[in-house]
Amino acid sequence: MHPLKKLPKSIATVSLSGTLADKLEAAAAVGYEGVEIFEADLLAFDGTPRDVRKMVADLGLEIFMFQPFRDFEGLGPAQFQRNLDRAERKFDVMAELGTDLLLLCSNVQPHAEGNPAQLTAELSELALRAAKRGVRIAYEALAWGTHVKFWRQAWDLVQRVSQPSFGLALDSFHTLSLGDSLAGIERVPGEKIFFIQLADAPKLSLDVLSWSRHYRNFPGQGDFDVAGFTHAALAAGYSGPLSLEIFNDNFRAGPTRPTALDGLRSLIWVEAEAGRTELPEPPALGGVEFVEFAVDARAGAALGRYLAAMGFARAGKHRSKAVELYRLGGVNIVLNAEPDSAASEHFALHGPSVCALALKVNDVPRTLARAQALLCPTWAERTGPGEHRIPAVREPDGTLLYLVDEVASQQMWGADFDLAAHVPVAASALPRIDHIAQALNPGSMDRFILFYRTLFNLVPEPTIEYADRFGLVRSRTMKNTTGSVRIPLNISESPATETARFVAAGAGAGVHHIAIATPDLKVAASHSTEAGMAPVPIPANYYEDLEARFGLEDEQLREMRHHGILYDRDAGGEFFHAYLPHFQGRFFFELLERHGYQGYGANNAPIRLAAMARKLTTA
Ligand SMILES: O=C(O)c1ccc(O)c(O)c1
Ligand SMILES: [Mg+2]
């Protein structure tokens with residue numbers, strides 16, 4: 001069997017920020033084949049439709065559709081004549097634009113009539129007029145249409161009209177937001193589906209109009225089965241463009257090109273998820289092989305002391321670079337002070353901070369091939385003779401994600417480092433990394449979700465919100481199925497929260513804290529305290545409340561309080577965690593003991609935030 005043809009990729013101009021020229025340039029630069037021109041973008045453009053046509057053609061793009069045409073049908077004879085005139089004017093514009101497809105949205109006027117015979121007669125006349133002008137009409141059921149809300153109602157009218165110039169537009173948002181069934185889409189003749197618009201959205205309890213106008217996002221960023229929707233339309237035989245139509249406040253405010261790139265990545269992914277194309281499989285993840293900090297000599301020495309106080313051993317020095325290895329059980333931390341490297345560039349921009357993570361994957365070349373297919377930038381650091389070359393992909397914030405397989409994991413430390421005489425062998429047992437939390441720029445949550453989901457098949461957990469003293473923080477954790485990789489993503493729109501200040505002070509997003517799972521948290525906390533770095537103290541009130549909520553034993557509570565240990569419980573089990581003071585007011589470490597518990601102690605976040613802030617101001 002021939003592999004099926006890839007479908008052209010398109011984006012509606014409303015999905016991107018900037019001027020019409022910005023939007024078109026971005027769409028062309030990242031590699032779309034064409035666009036839907038949204039009328040508002042044309043009206044605001046200081047030039048003729050012919051100028052737009054030329055700009056689009058010069059960029060190598062195509063205009064797949066002009067949209068929207070609204071509130072046409074069901075308004076009575078007088079208005080019908082005016083609406084036909086209005087349609088003719090739009091046909092003129094389309095002739096100049098050089099596109100033959102016009103989107104017609106179902107009428108949303110409260111007084112619109114829903115009589116099928118009347119609608120059929122009016123839409124038939126429109127179809128005839130369109131045909132005379134070489135135009136085709138794609139009729140779309142808006143979820144909040146007065147009478148026509150469901151794709152099946154629009155399809156019913158398309159069948160009644162029964163003209164080659166009149167077909168169906170399917171928009172995943174309208175169908176999936178109403179929880180409407182996809183059954184039957186695959187039996188619509190493919191050539192009667194004139195256009196497909198794809199949008200995802202988070203599940204929200206909100207009126208559907210506001211939901212659609214503000215919270216749509218790219219396939220893979222929300223909770224809808226956009227792949228299932230796409231699969232149904234492709235099963236019908238649709239072979240036109242896959243087009244993104246996203247109304248989203250963050251997209252309107254965000255950078256044009258990165259958003260355009262996210263969109264294309266999402267389309268490439270959803271086309272594969274729908275079974276149309278094949279992508280190299282996502283890797284099975286085996287956890288975090290190492291965390292790398294960008295430092296200079298002074299910050300490296302200070303961070304080395306900080307790590308030693310947590311019980312890390314200085315385990316080796318890189319053979320050819322200013323790079324050191326610290327190790328605690330299965331946790332490897334690399335301090336990179338090499339001049340003229342990705343790390344030094346990161347240091348110059350952000351100060352001491354995590355510049356790279358290494359993920360254990362079962363197949364490095366396949367993961368790289370997947371990254372390339374999904375348009376994720378890759379990176380290879382220069383290496384000395386005999387040293388391991390570790391390929392990496394770049395996260396949206398620039399952090400490198402190295403890809404390490406089992407063989408590299410076994411060999412690279414010995415090959416690249418002069419290991420200390422008594423280094424503990426890297427153990428796969430505890431302590432190990434439990435999760436790595438990142439603080440993101442406002443508006444960029446969807447970008448990171450898309451990256452981790454499409455490339456590594458990490459799944460977003462539900463959004464958690466918690467109160468900082470100075471605002472709200474929203475958190476979503478990306479997790480693989482085994483839980484060996486967990487990446488909480490935190491965002492705050494309020495400028496004074498710990499999360500927001502981290503982003504501001506470090507000149508951007510990045511790793512905000514690293515949580516290490518230990519076999520016995522009390523022991524780990526004692527060691528750290530003896531070495532000069534006690535966990536952040538927690539107020540007595542907290543333990544009073546714990547006793548009331550969970551009925552813990554006095555002795556246990558006393559010990560927990562002594563070590564600054566917080567507690568939570570869920571259906572799966574118990575969770576103990578404690579926080580070490582910030583390193584130079586920046587990132588910090590969490591020590592934890594997990595017994596079947598699945599969360600991250602979000603209930604305790606306000607307590608630890610207040611405690612850590614106190615510690616910062618008194619330190
Ligand atoms: O929100 C709207 O009005 C609107 C317009 C055009 C569309 O294709 C759509 O899905 C929604
Ligand atoms: Mg639409």
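Backbone N, Cα and C define each Cβ position, glycine as well.
Computed from a predicted structure; not experimentally measured.
In TrEMBL this protein carries:
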BINDING   GLU140, ASP171, GLN197, GLU245  divalent metal cation binding site
BINDING   HIS435, HIS513, GLU590  Mg(2+) binding site
DOMAIN    287-406  domain 'VOC'
DOMAIN    432-581  domain 'VOC'
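Positions of the features from TrEMBL, shown on the structure.
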residue: GLU140; record: divalent metal cation binding site; DSSP class: strand
residue: ASP171; record: divalent metal cation binding site; DSSP class: strand
residue: GLN197; record: divalent metal cation binding site; DSSP class: strand
residue: GLU245; record: divalent metal cation binding site; DSSP class: coil
residue: HIS435; record: Mg(2+) binding site; DSSP class: strand
residue: HIS513; record: Mg(2+) binding site; DSSP class: strand
residue: GLU590; record: Mg(2+) binding site; DSSP class: strand
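Across the domain 'VOC' (287-406), the DSSP tally of helix, strand and coil residues reads 33 helix, 47 strand, 40 coil. Take the Cα of HIS435 (Mg(2+) binding site) and measure to each of the binding-site residues GLU140, ASP171, GLN197, GLU245: the nearest one is GLU245. Separating the Cα atoms of GLN197 (divalent metal cation binding site) and GLU590 (Mg(2+) binding site) is a whole-number distance of 44 Å. The binding-site residues recorded for this entry are GLU140, ASP171, GLU245, and the Cα of GLU245 lies nearest to that of GLU590 (Mg(2+) binding site).
Of the listed binding-site residues, namely GLU140, ASP171, GLU245, GLU590, the sparsest CB environment within 10 A is found at GLU590. Residue pair GLU140 (divalent metal cation binding site) / HIS513 (Mg(2+) binding site) shows a Cα separation of 47 Å. The Cβ centroid of HIS435, HIS513, GLU590 marks the Mg(2+) site; residues of that chain outside this set whose Cβ lies within 8 Å of it are ASP434, ILE436, ALA437, PRO488, ILE514, ALA515, ILE516, PHE588, PHE589, LEU592, TYR600, given in sequence order. For the pair GLU245 (divalent metal cation binding site) and HIS513 (Mg(2+) binding site), the C-alpha distance works out to 36 angstrom. Taking the Cβ of HIS435 (Mg(2+) binding site) as centre and 10 Å as the limit, one finds 22 other Cβ atoms among all the protein chains shown. HIS513 (Mg(2+) binding site) is 40 Å away from ASP171 (divalent metal cation binding site) when you measure Cα to Cα. Looking just at the domain 'VOC' (432-581), the mean pLDDT is 95. The least crowded of the binding-site residues GLN197, HIS513, judged by other CB atoms within 10 A of its own CB, is HIS513. Excluding the listed site residues GLU140, ASP171, GLN197, GLU245, the same chain places ALA12, LEU103, ALA169, LEU170, SER172, PHE173, HIS174, PHE195, ILE196, LEU198, ALA199, SER243 with Cβ atoms within 8 Å of the centre of the divalent metal cation site Cβ atoms.
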